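Trainee: The structure follows.
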Amino acid sequence: WGALGHATVAYVAQHYVSPEAASWAQGILGSSSSSYLASIASWADEYRLTSAGKWSASLHFIDAEDNPPTNCNVDYERDCGSSGCSISAIANYTQRVSDSSLSSENHAEALRFLVHFIGDMTQPLHDEAYAVGGNKINVTFDGYHDNLHSDWDTYMPQKLIGGHALSDAESWAKTLVQNIESGNYTAQATGWIKGDNISEPITTATRWASDANALVCTVVMPHGAAALQTGDLYPTYYDSVIDTIELQIAKGGYRLANWINEIHGSEIAK
């Protein structure tokens, strides 16, 4: 996701993080701000663009070597790659965020990475190798020539919300939380975190990746990439996918909160 999506995931998470876990996370991040997660949600994207952080680029995705739209699947052993991927990163930083042998800066970095990568995993094209996760599928959206990946990351969410400031993300998150509390998502939400376990991070994160990857076949490109390259994706394609984008952002926030709560719970138990 782009800045709007990541901040919205973080604001949804902030709603569901327990007060005790919130204090713990604020202590790690050195922030008592009301946007303590949202304000750092895109740090990992900024970091990977620096010379010091370019090593981390592969951690933002897993390249599922499948065959959409005919076949979508994630295989951790097949797809993760020697330089790591989102799944291995979530496992690594889940361990590092509370490793007492590491520095407070290591802990803060780990939490910043977790906030970002758990969000990225719900963007279907971050769980897909085809055309570099859709980056090489050139399309037109609302009159602009861009690529399918950036439309999913940034331009379609911004079209829905109308901006990308923290205040826009906070407003969107409130709507998504309402849907979780008493709306379209209420019956689904417990299923989003079913079986999630910080002691089994590879298994858990692979399930998250598989959940989003399946949408590449059913929602993102159900008729293949070529079908998206004629005409403008707005409004017909946009209308067909925007509900899924909202659902995936909500899932990311709900899962992130549960993950933080579980990590904090294991800290207390030590």
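All positions are counted from 1 along the displayed chain.
Just so it is clear, glycine is given a Cβ too, placed from its N, Cα and C backbone atoms.
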Trainee: Looking at Swiss-Prot, His60, His116, Asp120 are annotated for divalent metal cation 1. Which of Asp45, Asp66, Asp75 sits in that same site?
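Mentor: Answer, per Swiss-Prot (divalent metal cation 1 site with His60, His116, Asp120), from Asp45, Asp66, Asp75: Asp45.
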Trainee: For Cys85, what is the disulfide-bonded cysteine listed in Swiss-Prot, choosing from Cys72, Cys80?
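Mentor: Going by Swiss-Prot, Cys85 is disulfide-bonded to Cys80.
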Trainee: Rounded to a whole number, how many Å is the Cα of Cys72 (disulfide bond) away from the Cα of Arg48 (substrate binding site)?
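Mentor: Their Cα atoms are separated by 28 Å.
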Trainee: Beyond Trp1, His6, Asp120, what residues of that chain have CB atoms within 8 A of the centre of the divalent metal cation 3 site's CB atoms?
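Mentor: After dropping the recorded site residues, what remains is Gly2, Gly5, Val9, Ala41, Ser42, Asp45, His116, Gly119, Thr122, Gln123, His126, Asp153, Gly252.
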Trainee: If I take every residue in the region 'Substrate binding' (116-164) and average their pLDDT values, what number comes out?
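Mentor: Summing pLDDT over the region 'Substrate binding' (116-164) and dividing by its length gives 99.
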Trainee: Whole-number Å distance between the CA of Trp1 (divalent metal cation 3 binding site) and the CA of Cys217 (disulfide bond)?
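Mentor: It is 19 Å, counting Cα to Cα.
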Trainee: From the binding-site residues Leu4, His6, Arg48, Glu77, Asp153, pick the residue whose C-alpha lies nearest to the C-alpha of Asn138 (N-linked glycosylation site).
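Mentor: If we rank Leu4, His6, Arg48, Glu77, Asp153 by Cα distance to Asn138 (N-linked glycosylation site), first place goes to Asp153.
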Trainee: Please spell out the DSSP helix, strand and coil residue counts for the region 'Substrate binding' (116-164).
Mentor: 23 helix, 8 strand, 18 coil
